[in-house]
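Student: Here it is, the structure, as structure tokens.
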Amino acid sequence: MSTVLLLLITGIGLGALYFLVASGLSLIYGLMGVLNFAHGSFLTLAGFLGWEVGRRIGDGTWAGLLTGMLVGLVVGAVVAALTELIFIRPLYNRHIEQVLVTVGLGLASVALFEGIWGTDPIQIRLPEWLGGTTDVLGANIPNDRWLLIATAVVVLVLIVLFLQRTSYGLVIRAGVENRTMVTALGIDVRRAFTIVFAIGGAAAGLGGVLASVYYGQVGAHQGTSLLIYAFIVTVIGGLGSLTGAAIASVLVAVIQQFANFYLGGTGDLAIVLALAAVLLVRPTGLMGKVKH
Amino acid sequence: MRTFFTSVWGKLVVGAVIVGVAAMLPLLAIDIPGILPGPTYTPGTLTVLAYAMLIAALALSYHLIFGVAGLLSFGHAMFFAAGAYGLGIILKLLAPSGMPAEAVFLVAIVLTLVIALVLGNLVGALALRVTGISFAMVTLAVAQAMNVMIRRNVGGLTGGEEGVRLPVDVVPDVLVGVVNTRNLYWLALAILVIVYLACVWIERSRLGHVVAAARENELRVTVLGLRPYFVRLFLFAGAAVLAAVAGIGFMLLQSSATPRISTSDFTLTLLVIVVLGGVGYRWGAIVGGIVYTLLDQRLAALASAEWIRGLPDVLRIPLSEPLFILGMLFVLVVMFAPGGIVGLSHRVTQRRGSKRDVAEPKALQDMEA
Amino acid sequence: MTAILTVRGLDARIAGQQVVEGASFEVAEHGVTALLGRNGVGKSSNIKALLGLYERSGEVTFAGERIDRLMTHRIVQRGIAYVPEDREVFGGLTVEENLRLAERGGAPNRGIVAELFPELIQRAKQQAGTLSGGQQQMVSLSRALMNDNRLLLVDEPTKGLAPLIVGTVTKALEAAAERTPMLLVEQNLQVVRALAHSVIVLSGGRVVHTGPAADFLDSDLVHRHLGVSTDEEAA
């Protein structure tokens, strides 16, 4: 029982990380029809810069970590918004080229990170509490999972509030449904593009710093490897659906944890099978909407 | 405007001359400083050129999927890996069987191709159930799972991070050792020519036309009573086998295979190559493959050059990362030169003379899922 | 009569296929101009092309200004409202949100919604996707009519609607046409007869006839170009 609980909660913790990456991917795809291959790089860069600033404030302290998270958030948002403005916007409505550009940026940026911070991951120091565990009904849950889960929940709530309560949120919700009609109402939908990139980048940036907490290290390839799981999550959840991304994040991570533990390290295979199953039964994903 | 060079015989002659010149290179001492590492007869240069031709062959097989069928696959590298790993593993398994080495070698090649065909059909059958971006994601996910299994050494066959070495005792002597590099070079050239001819044949066949038509307008093809699913599956599996042929050549040339060749990054490299060369052009895949490989080699050499080391970090770090430069070059090509290298050359040569439409290739236009 | 909108040699492509070929016509600065033609002749495509929703080339002049290179939202901001075929309301948004999204600068006239379609006010909090087709068309029309427009582009407003609602919609359009010129695509010739002053007839992607609406509707050209006879029209 305690093993099941442990796997479940660690799974949800990992799912929280997936969600931070997948939420932005899903929103960006939903609104713009662009699968953003540079998303992992937002995460990696934010992870590195968050760590660089955080350790100067106080290596292994809460002040350092929280500053790092703030830096990660800002870096993610700014870099993502710039990416949209400089590389995506000039290719307006040419979706395949937009995807290709993000592919190129993803490849190039990882190479650059390797050049700056080296090819091997760097071990980092964390506040002591995060290295400990908490007893929940006999299961010793690593404390960092709580931080991941709490952050993801806050991010989810903030994004939902933004989408529901602001005028840009309204434009984004409408645009995910039918982008063409939004422009035909006289709205410059490109501004919404920049905003979803910034929001997605901010979430990924937070995810970058938290990924370094989860793995205990920062590395040039952290974003890329998380990105693949986030893609799977996004497709299973239904491209463009925030709720779908949230549900699928937890589902994928929990399946992965259980398969790794009970089925001899076959977590990745289990996810691929889950993806195949979902796509064969429901090609638009769990919460997928009509395509436009 | 029909000149000799655009007629069938003209094309054959041009092709034969290019292949002939390429075949002569190992016998010549052509030195192009800055592009080739040394004179063309040296094993080092021949290895680089042979590698470039194999990558070109692999890119050609990817062109079938991306350029002709208009399908964005992120899993093509797994078929290349299947060729390389398949040959190495089967040779190792068959080596103690007591069969003559030549028989082992032939059986291993045939079995490897059969495996690639089966794998291509399985993955294609699954992935082609969906289209557009979902297709891309399924191929990515399957490739990722394969890559993880290869890395984790599932079944004890793939050697984990170490990879698989070629058991040279069951490989014909003419294909082993530095002294025989020129044979491997000719083998790579032969593979490139075979893959090229196979691509021409597939694209000119009824199947090729249907696949290309389905890319433009799936509904119309369906109305004609054809199922795009099966023709695409046939093409996908065909491309998988051709990729495996290139993979076999790679294994023989490099004598080892590592998990790197099964990563999605490796497939992304293929995408970069095809776009760099020019989407939709067969020659684009070849030119892109060769240019990319040579650039990659030269940029790596540049990274260790004296004058680079002396630069301040802001310049030194980006300049010493070949993939950074290639990635940014790719971004520039996508943004400012759709049609790639071949597209650019077409635009230059066609500015005068016939005003044929040189709009960007159709494959790029409507792949929005 | 002078024209508010002039189209010269408009071409449009979608996914590489030509859907509008060399279209040239004018929309009068008062009243309703109907764009007619058989199914699939490119009526909707013409409207989408001049709004920039399709990749297009050619000359489009609106109130003296060339708009054929502008992006869609800029064209709409010049005062051109669009009521698309199939309504295209945002099904996941409430009625109120649909209307709020459509408000363009100045002072949007919410009163007109209450006046024309009072039932929408009661349904303000309802998701637009759960409305009936007729109610969705009311939302779609409200989105256009509540703004200060200089031209209305209305595509098949009565398509698939119950006769009673066709009447409501026709009345709303009639009222709107008193203030704003309109380019109307409509299959229902009774509605055309009720609203239109002049007609533009398309065939094979090209304009084959222009002239006063009544003359056209009473002639045998109706049969030749639209494939219906004037008797059928009454049915």
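Positions of Cβ are set from backbone N, Cα and C atoms, glycine also.
The transmembrane segment feature in TrEMBL is assigned to A:6-27, A:34-51, A:63-87, A:99-117, A:146-171, A:192-215, A:227-254, A:261-281.
Have a look at these and tell me how they're positioned relative to everything else.
Tutor: Residues 12-17, 19-20, 23, 27, 69, 130, 134, 182, 187, 189, 191-192, 195, 199, 203, 206, 210, 213-214, 242, 246, 249 of the same chain sit 6 or more residues outside the transmembrane segment (A:146-171) yet have a Cβ under 8 Å from a Cβ within it.
Within the chain, the transmembrane segment (A:261-281) has long-range Cβ neighbours (under 8 A, six or more residues past its boundaries) at 3, 7, 229, 232, 235-236, 251-252, 255.
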Student: Can you work out whether the transmembrane segment (A:63-87) touches the transmembrane segment (A:192-215), with the criterion being 3+ CB pairs under 8 Å where the paired residues are 6 or more apart along the chain?
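Tutor: Between the transmembrane segment (A:192-215) and the transmembrane segment (A:63-87), which are separate recorded stretches, there is contact, as judged by 3 or more close Cβ pairs.
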Student: When each of A:34-51, A:99-117, A:192-215 is checked against the transmembrane segment (A:6-27) for Cβ pairs under 8 Å, which one has the most?
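Tutor: By the under-8 Å Cβ criterion, the transmembrane segment (A:6-27) pairs most with A:192-215.
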Student: In the same chain, which residue numbers or ranges, 6 or more beyond the ends of the transmembrane segment (A:99-117), come under 8 angstroms Cβ to Cβ?
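Tutor: The answer is 34-41, 44-45, 48, 83, 87-88, 91, 218-221, 223-224, 227.
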